[in-house]
Every structure is written in structure tokens, then in C-alpha cells.
Amino acid sequence: MNGWILAAAVILAGGVGATVWGVATGPLRRRVVAQNLCTAFACPALLLLSQGYDRPSYVDLALVLALLGPVGTLVFARLLADELADDPPSAWGLTYAAAAVGALVVPAVCVAAGPSRAMAKLLFVGVLLIGGNVVASRALSGGFPEARHG
Amino acid sequence: MSRRFRLWLVAVGGAGLAALFTAAALDLPAFGGDHHPYGDRAVHASLSRHTANVIASVNFDQRAFDTLGEMTILFAAVIGCGALLRQTRDEHRATPEPQEVARPVRRYALLVLPVALLTGLYVIAHGQLSPGGGFQGGVVAATSLHLLYLGADYRALERVRPVALYETGDAVATSAYVVTGLAALIGGSAFLANTLLPYGTFNTLSSGGTVPLLNAAVGMEVACAVVVLLARFLDQAVEIEEGNGT
Amino acid sequence: MGVLPYLVAGWVFLTGCYGLATSRNLIHAVGCLSVCQAGTYVLLLAVGYRHDATAPVFSDLKPGSRPVVDPLVQALTLTDVVVGATVTALLLALVVQISKRHGTVDPDELSELRG
Amino acid sequence: MADAVIVVALLLVAASATAAVAARDPVRQALVLSVLGVVLAILFTVLQAPDVALSQLAVGSALTPLLLLLAVHKVRRRGRREGPRR
């Protein structure tokens, strides 16, 4: 009955479900990548849910996640720099795939919102989301080159 | 108590709890039911006091005394951390060497810091209108400051974070909450009763009587508390070392 | 669907308890405790849910136009999420202190030290 | 439809909570807990509790992992110094 919520459910089951699997198994380097991708998939899902429930105020959630999700990844990249230094995780293919999901969802909800202040906010969230995830991936793949205890 | 025995104890206790819980869950009103008498009354009370966010109204008006209790726990946790993680006599401080950070990461951190700080303040300020409030916004604002540690280095963070100031801020915010409550007593009604200020126009920043004041006090307390807590942990993890030097 | 949320809440709580009891590292135990807390949040919010309702936040909604869920349980949960995080910090401070005093964070080794 | 998304979110929460307990190394557990925080926030959103979801996002995505990792850092540094003790 509501395509937005259906799309959100698909992203949750596919994208976020995959990241839960990725973070639960495998070596450390795979887990940090999965943690980063979790934000990248959850944020578009929140935008879709906000549109699906017809509640513009839910966009605040996506805004906070787009800001703090990459910060969480930076925490891991910084404090695990020692462990990750030998074999830096780089998953640019997956990062760009997640960014593409964001880049698809944001224009769609923008069109549905129409030109207004709400649309400006949605675009802002989109820029933060994609920029944040690309930078977080960069941080994981050797963003803290000389790992010291500082 | 041996490991095996403990495992048995957990298994028996867990199985009992699981059985009782399942029996209780089957007897609960079905998920998504329509019978919420307290919720409906809370919504009604909040609307009659011109507070758009009913959850903020419950927290800072209808159950403001309960929130005072929560604030006290928070305050006590901060004091406890301070006592546990203080620098002891046989420890000394070593200045950590600055960490090299790749340039895009550093730029991102410095760019996002003000945005995140503003978002935190926005979330606090709009607490009585849209989703948000002092508890959430305080955490966001305090976390954003630590981008300086993540993206630049620890000494940059120390410069913007005089811990004593934040400790004072924490105490001042807690007292502000109590004083707002006492002011209602002077006005001739109950402690923390929302009778002091006019309720204002529905869905504007100044609506809801004392709700915005209490909300701001909680926001300040949570932000200061989180900064102080993280400062203690960062001190321990980064600066303080044991023994007579390494 | 009728009882699934309650059962998930119970499952999350019990797994957390199991991890707490079998943990070999106190930091891991603190993490398990926050899993237990998550179970209680799920239970509370599931009790307050109402089908086809929306959040009782009227900044972008005309009061009375749509049914709303129970705000009371949300207020309880919301404060506890933040206060729970500071209590987690307090527990971690205790763990750090234990590791300073005894040089280990394994609960089994700790009880051997005492006995 | 609304029910379907709730079921998906509930299953994700159950799975990541189990994974958080099963990860015995505190660093890996911190990673799973950070994902659990985000998944819980989504569950709270679909249960129509945006305030709680915001709270969970603020705490779960960056603050709790940072606290846990700093504690691990401190304990490990001590362990390394004391050598055979660990």
C-alpha cells in the first residue's frame, strides 16, 4: 500500500541485513567495513521511512545518523589504526555501491517533497551522507598512517 | 563456584525465566492494540499545555520529578567516574605524540565539527516541538567536540575543553533544574509544577511554559556530563601512564 | 505477529544474560549488559505501539488527525538510553580500576586471586 | 506493509544482539554493538518512537563504541607492560 515503506524494508533486509552478517563474522578488517556500510544503508532507509509515514520531522534522524555514523567509523579507524595498519581494509566497490543507493534515494524523496525548505534539508543530508561515507572509507584504508598511541 | 556449575545455574535460571516470560507475553494485550488509557490522557494533557512534542511534555512537565531522578543518576555517574579515574600518586602524565591524519579526513573532521555542534544545539532547542530534546542533543553536541581528537590531535581537543569549566557547567545545569522546580513552589504551587510561565502559542519555540527551560537545563547537563566522562577516559587511555616513566 | 515483538525482547534480554554469565572479559560483560538493556527498550516500546498510528509529535501534524502511539513508554525509554550510557561509562571506569589493581579483567582469574 | 518492515527490523535486532554476545573479543563486540545501535534506532523509528530513535543514534553510533574502545586501549596498554600476566 505504500511503496516508500516497501523500498525501506527492501534496503533494510538486503543492505543492513548484509552488514549485520558482515560485522558478525570474518576478520577484523571486514567487520569495520561492514560497520561503515551499515550507516550508509540505514540512512537512506530512514529517509524513505520519513517519506512513507508522511512525517517530515523524522528527517532529523537521518540528519543525525549522517553526521554521527561516519564519526563512529572514525573512532574505529583511529583507535584500531595499529591492528588495521598491516592490511588496510579497502572496499571501494562496496562504498560506491552504498553511495549509489544514497544517491538514488535522496533525489527520489526530494522530488516527493517538492521545492521547499524540506528539500534543502534532504539535499544537505544527502551530501553529508555520501561525503561522510567516502571519507570514512578513506580513513579506514590508511587515514591514520603512522599509528602511535596518540 | 566452578565454571560448569555456573553454566548449569544459568541454564536452569534462563530456562525458567524464558518459560515464565513466554507465558506472560502470550497473556499480554496483543501487539499494536488500541487500548492505551495513560497514553491518551498524556496526549490530552500535553495539548492543553500547548506542548507539541508529547514526549517532551511527559519528560519535563507531567513526570518532571522522575526526570530529576534520572539527572541525579547521570550526575552521580559522572562523579563516580571522576573518582575512579583520577590520576593517582604513582602515575604520571606523558604528552602523547601528535597523530598523523590523512588530509581529507582532517578536513572532513574540521568541516563537520561545527555542523554537528549546531545540529546538537538545534536538536536541544526544538525539543518541545519536533523529535529531540536535551538528552539527545546534549550527546550529539558533546560527541561533535571529540571530532577534534579523531580528526586532528589530542592537544587540539584539550585547548577547547577546559574540563573544570564543563564540571561547573554540569553542576550549574543540575541546580538550574532544581531552581526552576523551586520557583514553582514560590509561585504557590507544587515542586516542578508547570504553572510559572504562560503556555504560549502552540508549536512555537517559547510554547509549553517551563518545558523549554527544563529541556535546556537537561541539554546542558548531558552535554557537560558526556564531555567530562570522555575526558576522564581519554586521559586514562592516552595520557596517564604508570610507574616511574617508560 | 501478535507476540513476536515480545518474544524478540525476551530473546535479546536472555542472550545478554547468557553472555554476562559466561563472559571471560569484564569489558565484554559490560557490552552484554547493554544488550540486556536493549531488550527492555524493545519490550517497553512494543507495549506502547498501536497499529496504523504515528508518533505523538505535533510539529508537523494536526492534533487529532491521526491516531498516535503511547508517549509514556517512549519518555521512559528515552531518558534511560542516555542515562544507561553514562552508567556503562561508570562500569567501564570500574573495569579500568580493576585492571590497575589486579592486572587482569578475567572474572575467573579475579575470583582465584581473592580466594 | 507497515507490519512487514517491523518484522524485518525485529529480526535484525535479534540477529545483531546475538552476534554482539557471541563476539568474545571486546573490540569486535564494540563493532557489533555500534551496528546494534543503528539497527535499534531503525526499530524504534518503525515503532513510531522518533525521540527514542534519536537518543539511541546519538548514544549508540559513536559514544558507546568510543568508551568501549578507550577502555580496551587502557587495559591492553597495561597488559602489554606487565608482559606474561596476560
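Even glycines carry a Cβ here, placed using N, Cα and C.
What TrEMBL records for B:3-98 is domain 'MrpA C-terminal/MbhE'.
Secondary structure of the domain 'Na+/H+ antiporter MnhB subunit-related protein' (B:106-227), assigned with DSSP and counted as helix (H, G, I), strand (E, B) and coil, comes to 84 helix, 0 strand, 38 coil. The domain 'Na+/H+ antiporter MnhB subunit-related protein' annotation in TrEMBL covers B:106-227.
Feature annotation from TrEMBL assigns signal peptide to B:1-24.
Sequence annotations record features per position, and here TrEMBL assigns transmembrane segment to B:68-87 (among others). Residues 93, 167, 170-171, 174, 177-178, 181, 192, 218, 221-222, 225, 228-229, 232-233, 235-236, 240 of the same chain, all 6+ positions outside the transmembrane segment (B:68-87), place their C-beta atoms under 8 angstroms from a C-beta of that stretch.
According to TrEMBL, the transmembrane segment annotation covers B:108-127 (among others).
Residues of the same chain lying 6 or more positions beyond the ends of the transmembrane segment (B:133-150) and with a Cβ under 8 Å from any Cβ of it are 53, 55-56, 59-60, 109-110, 112-113, 116-117, 119-125, 127, 156-157, 160-161, 214-227, 230, 234. Per TrEMBL, the feature transmembrane segment maps to B:133-150 (among others).
Sequence annotations record features per position, and here TrEMBL assigns transmembrane segment to B:171-193 (among others).
According to TrEMBL, the feature transmembrane segment maps to B:213-234 (among others).
Helix, strand and coil counts under DSSP for the domain 'MrpA C-terminal/MbhE' (B:3-98) come to 67 helix, 4 strand, 25 coil.
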